[in-house]
Structure formats: C-alpha cells, structure tokens
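Peer 1: This is the structure, below, for whatever I ask next.
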C-alpha cells in the first residue's frame, strides 16, 4: 500500500525494473528517474503512485510550478536531477530533446490545458456554475476531483472568459499562450484569433534606466544583490551537502551488502526500515550528520523527509506522533571494529555538521486531498451558490404532484437544477409516498439506480431552510434506498455510494459509480448468530460458523486523521448449510464509499478454516481471537461491537402496516406508529453522518456508545486548555473508530472545539434513545393475535388517553401554546393536532415525595420524535456519567422551558416533516439557583433544588394560573427586567429524575411561513 502523502506528485529513482509507464506502457529501468501522480486506489483506503518515465510524465499534461514544495522526494534526488526537474517545470513541462534519456522529442503542447467545442450541453462551467451550451468553445484544466479522487486527473471545464479570470488560480502561467492549449489547432480561425487575444503570453519587461526615482531603485538593487549572494551561498552549501550524501551512498553500495548496512543501523541504535533504498538513506544520513536520538515525546525513530525530520513513532496505540524538527538531537555515528576492515569505512572521516535545509518556499502548498476541520455536516452541493442549491443536479419527477411538469421544471431550474426523464441520469427523484408504495416499473428503475426519493415539500424547504442540503434530503426522504446525493461534476457522473465494497467485476477507475450494483444498500441475511455478508455470494447457501459460543464474524475499524484514512475490515468464517465446506470471506475499504474490495477463499477443512480466521484476526488487530481483554496496537484495527442478532424479523413484524385489530383510539394508534417509525430513526442517524452500512440501525452496543461518551469527556479538557494536537488527534481517532462515520473522501474532522464536542454529545444522546426504541421493537412477546401497534403500545408502559378537544384542560393547554410562542421564533406557527394525557408506570409514586415541595410548575420539554420511545418507557433521563459536563449549558440535568417555542425548536421539524411531539411535565423546582450565564453545575449549592437560567423575556406572571397547586405560566411574553444575561428566555433544570412527573404529550404541526410560491 502506498505511503500517505499530502502531495499529489512523487519523484524517485526506480527501485526495480518491474513498473511500467502509464503513458507509453514501456518498463521503467531500475535506477532511472521516474515521476508519479498519486491517485486514490479503488481497491483500498489509500493512495497509489501512477509511475511515468521522466519525459512521459510531462507529456500527460502535468503543470508543476514549485517542485521543492509540490513533489514528494524532490530533495532526496541527486543535485543534477533536482536541477533537471526544476528547469523542466520552469519551462512549462517541456523536457527538451535528449533530456529524458530516450532521445525523444518532447511535446510543446500543454497537456493539462485544453480547448474544444462542447460535445453536449451537459457540462457546467466551474467558474460561474452556468451551463456550457453544445458547440460553444470551452477550456479545461485537468484536476483531481476531491470527492472522487479515484478518477484521477479529469477535465474541469470553463467558459473562456471565466478561464481568463481564473488564469493565475488555475496555474496558467504568464509565459503560456493560447496556442499551447491542447486542441487549439482544431479551432476555427476566428476562435483562434479571439483566444490568442484573451490568453496572450505576458512578457516581464525590465525597468528602464529613467524609471529610477531618488535613488530608491539603487537601494533595492543593493538589497537584491545581498539576497542573491546569500541565496547563492546557500545553494552552494546545499549542493555540497547533496554531493557528500550521494558520495557516501555510492561508496556504501560498492563496499557493503544490505545486511552490512542493517548491522550498522542496529549497532547505532537506529530502527531498520523496509526496502534497500530506505536502509541506504538512513545509514548515509547517520554517517554524514550523526546517529539520531529517539524522539523526546514518544521515543520513536526520527526519519528525514524532504523538509524536516519526522517522528515515525506513536503517541498512543491510536495515534502517531506529530513531532517534526530540523534540528534533531544526535550522537556520534560509530563504526564497529569488525567493519573497519572495509577500506571505505576505515578511511571515511566526516566532520560533524548539521543538515542544511533549503529556505521555506513562498509558494503556497496546494493540498490536493480534501481536508476538513469543522464538525458541522457538509452541504451536499457545497460549490453551489446559496440561491441555487440544486446546481449541477438532474431531477426526475414521478407521480401526480401538486404542480404540473412545467411548473415543477421552472422551480427546479430556478434552484439551479435540471429536469430529466431518465432514472439513470438523475441525481434525485421527487415523488409522493403512494408512488413509492405502489412501486411501478418507473419507480423500480429509480430503486435499481439507487436514486433517493424525496417529497415535493423538499423544493419549498431547500430555498427557505437554514439546514444543510443533506439534512433536508434526510428529512424529506420517502425511500429506504438511495445513495448520497451529489452534484454532477461536468460530464463525469460518479455519485458516491455507501456499499462496503465494489463488485468483483469492477476494475480500475469507476466511470459511472452510480450504477454499480454493490452500491445498493446491503440486505443482511440472518442465520443463527450473525448476518452473512451478501458480497460473499453465499448468503443463501451458507451461515457464519459458531463454535464454543463464539460467532466467527468480526467487523473492524481504523481511523487515522493525519493520513486521512477511515477504514473498515470485515472477516467471516462461513460454513455450508448442507455439506462440510468452509470459506473465509473478507472485505475491506473506506467507510461511506465504493472504495474497497473483497476476497472469498475456500478452505480444505474446518480446522484449517478456523486456523486461518484466527491468523487473519491476529494479523489485523494484534490480538488473539480468544483473548478476553482486547489491547489496541498502533496501526492495527479495533473491533466494533456490532450485534447482527436474530431479532431482525421481530422488528419487521412490528413495523409492518398495522391491521384493524387494534383497540386503541385512532390518535393513539397514529402516535405509536410515529414513535416507532424505523425510517425516521434512520434519517436521524444519516443527519449525524453515521454510516448505516457499517453500523446498521440498533446494532451498535450500548457499551460502545458509553465508551464514546467517555472519550468526549476526555476531549473537553484538552479543548478548553489548548493542549497538544497529539492528544486531540488521539481522542478524535478513538471516537471515530468506536462510532463509524461516513465522511466520503473527506478527512475525519478533529474534535478540537467546544461546538464539535457539543454536536457529538447530541448525536450520542440521540443514539441512546434510538437504541432504546429499537431494543423495544426487538424485545417482548411475539403474540401474532395482537395488532403490531398494540404490542408496541404495551412496551411504552405508559397510559395514554386522548384529551377531549372541548374540555377545559385542552383549552388551557392551547392557550399556553398560543401565548408563549416567542417573537424571535417567527419561522413557524404552532397548531395543536392532538393532546394526550399520559401517566408513566411508577412515575407518580417516584414523584410523591416532591409533591409537598413548593414552587411546582407545568413546563415544556421538546425532543426529536425518535427519542419518545425512550422518554415514555424510561422517563426523562439525565445524561450518563460518561458524558462530558461541558456538553450542556448548566451541566447534566433535565431541561425545561416556559416558552413553548423554545422547547419546540428541539423537535427538529422541517417543511417536509412538519409534525413534532412536545411534552408538559410537572416539575418540582423548590428553591431555584438563578444564573445568567453558562455554568457547568455538577452539584447544587446547599438549600437549592433546581437551576433557573434567567431570560430577557418571561411569561407575564400576573396571567399565570394554578391547577391543583401547580403553576401554569401561560401569560404572554414580557420583558423580565434582567438585561445582563446570555439567555433570551428562561430555562429550568433539575438534577434528580424524581422531580419530574410527565403529564401531557402534544402532537403539533409546525406551519412554516416561508414558501417558494
């Protein structure tokens, strides 16, 4: 596997004669100069070099301006070859006759820039994001698409005027001209002339003598001469140093065997690397400058790489050391007595010196592989303008929508998209629920192409909502299938899927990933203790072996933020259902992408299969299969506790469309169906970038979620104290390994600020509640005589009664909703659909001691619909001890509000999903500890029973009413008189679950005010 590098290019002397040139297909001779483009491998989570002869490299259109910055391995070349690379780069990639050793004439055309007439009207200008019409002249620059780096260098098209505006940014140098564009000769005479005027070669004319003013130019010249002299001296020193190192290498190659060199490294307490050239480099470095002492931070081995010495050790089992220095500590290099017989080593005397480094280039380092330092979910179409969120997308409409086709087309085009009639070309499908349920031929094509289906309301929300496009797609999704929606990159259509591995038939780069069969969501076939991976092709004829109570199936994860890896490895031992036949199946790749592969290997016997399984497991994790206590080792995988249990069928039975057997009132039936909606649970996880392929709903263990909480607790200290990057890296790597995330080709973001920690705390809170809901669905009786709705209702252990709309209590509650809607929460109005009176089993008894406490109020608590199965069955809970206290404004407690809209905001509804649930609970507040700013409370002051966060607005206290000793603050909002507070509205927090008695559950419709029409 290739070594990870942020640089797109690599140069070195060929280590063997086995590699062939990607341009001419001829072999590259050993020790000859070769150059490579680093390309994402389609087979594993890493990059591989595509090697070229030196001259061929420039012919395929590579434009390098600063080889010392852009090319990995440049400084390790011989001095003459460094100059050769520099001069060729300066000449715009023209190697010149005879320069490549083959004597071939180099091409003068710029291979990475092209001009042509658009072959269709499908491409989009990367400058203005407008369509390029068929037959219109267009210019391109070959670049790596950060979302699909496995495609390598692809054309990115521009209108000529847009290209001219971005000339410098695109690397079209001043000395380049239009006539050097590939395809220029095929343009019409008129277009050639126009393009020559737009893209002329710009000559840098020197100043005339008469330009000098008051001697200032003379001062500048003297300064320039000084800098030139200084640079010239440094160049000479670097050249002498380079020649010294290469002289040592050349002599060592003649005088010593590879084993001799290894012995020299071991004697000087240096690690022995793999590969002859690496061993030679390390010995030469030690002889020239001294033996390197271990890293002070981790005791690892320091190694020279281009611009510094980097530590190759590990701070912890999860994270590599980040130490980098140009002045490492050294000791004298010692040659053992037995080696002094070698004449060269006997004569060699090197004066102790420090390694000289070239000055840091002022050229910006272009990072070609996508980086991410934010924890917020990335917009699906991040390149799109704010007013055109559907730019580069093709939309298919199916079924009878509220608008006719022309109206829908107008709206879609207004948002930057295009209407299409083909499922294979579509990025997204807009339809209605009935069409998905009906599953006609056209919808089957949509499913086959793995295109996500969303409701028509999505078009309204996408222009009005502040949520990311991914969140809106999740909220409006109608289909259980669907790859992540991506904008179309010009003419290369390659939406990213979420399959564990590509089809065995797929070879090389993916031309059209969207139609890859393996991209469809995996259907896991459960047999006995685990699910057989469908990529094995044996899901219907074999099962996972279970022996001694242990299931021979393992899902492993490895995250390294520095390298940008987010890898999985799956291992299964499969046994034939009928015969004594055994297979080892393994799959590997990058989470959330089609990058990866798999292997099915038939074994001669059960014993050999078990032995091979255990060998592979130990190779990947460093742990024996039967070891009870797992130890994480550096660069090794970590097992995920994913439960592929036998309860899936029970879930399916209880989520089927309810029949007519239910004796519950219709509103209660609808409420229970809403609470246990599995699709809503999946949508919630997708919003948090959870990878549902590697962590199917309900499959991650509670223990692993709690371990993730503990990591976030550890993160809060280094984040608040500004600790070392290594510590934050370590904790981030551990977190993302425990909770598999889908980041596509982006690097996993560091958990390096309070907001990112807060977002992940919220994610784990929801994961826990979803885990409760799913556990309820899986557990309990399998009584086929009962309606599924009734079975699920019983699991809530809550008496739910519909409140008569005309009753006095319903009137009071509606008034409370109307009066306490805050003026700043003006994006929607709230409409009460149903009011339910609830009584949780055992809660009244638990609350009994607090009934005598003064200051009891009826307050609001809002949450996602997916959390209500957990809330009703287990009550409102305080975050677990493992959760970080900084994830909550006033510490870990249960939060309430007296303004309905403050709590309603936590329902996370949208125009496409406007129904939310909110609760009213009787809360025993007693003596309140009043605060104006965040305070991470872990223990209340003596004599206090709760915290009140003071807001600038409060319900009018004169309008409050009292029902059975409980205050209902249903007055309209008025200024509270508290101005120096961080809160707009009041918050109430209790730290004992027994202080809460849930009374009512409201089903609300959020009537959003913003619309496209």
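Including glycine, each Cβ sits where the backbone N, Cα and C put it.
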Peer 1: For the set 97, 663, 786, 944, say which residue Swiss-Prot annotates with N6-acetyllysine.
Peer 2: 97
Peer 1: Can you tell me which of these residues Swiss-Prot lists as N6-(ADP-ribosyl)lysine: 520, 606, 632?
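Peer 2: Candidates were 520, 606, 632; Swiss-Prot attaches N6-(ADP-ribosyl)lysine to 520.
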Peer 1: Pick from 349-368, 489-508, 529-548, 549-568: which range does Swiss-Prot record as region 'Disordered'?
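Peer 2: Among 349-368, 489-508, 529-548, 549-568, the range Swiss-Prot annotates as region 'Disordered' is 489-508.
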Peer 1: According to Swiss-Prot, which stretch among 146-172, 173-199, 200-226, 227-253 corresponds to the feature region 'Disordered'?
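Peer 2: When 146-172, 173-199, 200-226, 227-253 are checked in Swiss-Prot, region 'Disordered' belongs to 200-226.
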Peer 1: Taking Swiss-Prot at its word that 295, 298, 321 bind Zn(2+) 3, choose the one of 256, 311 listed for that site.
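Peer 2: Within the candidate list, Swiss-Prot flags 311.
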Peer 1: Tell me whether residue 747 (SUMO1 cross-link) sits in a helix, a strand or coil according to DSSP.
Peer 2: coil
